[in-house]
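A.B. asks: Submitted below is the structure of interest, expressed as structure tokens.
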């Protein structure tokens, strides 16, 4: 901002928030916030549409509502008779219900069999629906993914889904702001997934509670859009309401030509507006945290929350070293569930299943990363590779990545959420260990009794070809 500009310096978050306040909050009432984009899937939307029917309401802005199917969809191909091999009747009913709701209320749906169908937080950006400066909501925890574009994006509950459908607005209290400055440069073999796991390990699962995180610094600027989406995707795992990254030329180049993005002179005008979004010099955050990644290694979780992560060369921590009784009890409980011993190296830990996919790491760049490790090798454990969307799957097949996975012995599946949350039949057996590129390692997340170790696609692929936790840097030259 210029020295003569009378406006106060503002953060990226404040600029987007201020532009969408319909009615300011008071001590008694939340702000009324306008929503630019409402993304939907089959699991959290049925009750919301039922509410509309009961009250005789219409969807206020179907043109700002976009739906897909992902959580309940099978990742196996169609049966010879053309039917989809749903895991159970509930999954099939959920998909059928959103198809009916979309027809009845005029909502655009990209469902099973559609070439654009995919995991909601992968397919939305691919469609160009997510753009800088927007407010974006979805009935899904990892809506923060879209903050990578300089949007304010957050998950909402089912009742709020109904509220947005009916009014295109939400009642919201303004969160506080938290800057996560990432200094240094990521070393070869270290990825955005390793970075966000390290950040969460540093601040804890409650470190961002009540805040919107803005990721800044040279290491963030050096990330691709895919890496930025991975970073923002897991902001919620650090307790944040949302995660954001200021848009720049990387953002604009990624968006150019996408279906829903303005074209020609209109795109140039949009970029000019978007360039005004980054945080002003002198703007103040409520909190600031600095992370130095110059010596960061590939990360892997060992416990039952995403903050319980260590370098792949590290050892399982000893609960006895924890001075805080609550933290000690949490760690003891995690190690009991995971059946891991304090002081044991995580390298060499036996793995039963590997999962590459999800809204965290199911994009083309992620699949390339995994293929680079698997190329010319054979997997030693069951490995599922699930593209985040049909567009990603098609692009991966055009590059021959599917052949690399198949020749290695991995299963090349249809797009969907898959083993991220074990809702569609892709799940662990009790006691199995899975190195997963997803975002949550809670007890039973990937199936009752399943044990999840979160990691990057490269680390997951290294585990697949080793049959145990392995350092991907040792398997890839350069």
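Note: Cβ is positioned from N, Cα and C throughout, glycine not excepted.
In case it helps, Swiss-Prot gives these features for our protein:
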type: BINDING; residues: 359, 417, 420; note: [4Fe-4S] cluster binding site
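Quick one: where do these features end up spatially?
C.D. replies: Note: residue 417 ([4Fe-4S] cluster binding site) has non-local neighbours 70, 71, 73, 119, 358, 359, 423, 424, i.e. same-chain residues 6+ apart with C-beta under 8 A of its own C-beta.
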A.B. asks: Please report the number of other Cβ atoms within 10 Å of the Cβ of residue 359 ([4Fe-4S] cluster binding site).
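C.D. replies: There are 28 such Cβ atoms around residue 359 ([4Fe-4S] cluster binding site).
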A.B. asks: Taking the mean position of the Cβ atoms of 359, 417, 420 as the [4Fe-4S] cluster site, which residues outside that list, in the same chain, have a Cβ no more than 8 Å away, listed in sequence order?
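C.D. replies: Not counting the recorded site residues, we get 70, 71, 119, 121, 142, 357, 358, 360, 362, 388, 416, 418, 421, 438, 439.
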A.B. asks: In sequence order, which residues at least six apart in the same chain have a CB under 8 Å from the CB of residue 420 ([4Fe-4S] cluster binding site)?
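C.D. replies: Those within reach of residue 420 ([4Fe-4S] cluster binding site), by Cβ under 8 Å and sequence separation of 6 or more, are 355, 357, 358, 359, 360, 436, 438, 439, 440, 445, 446.
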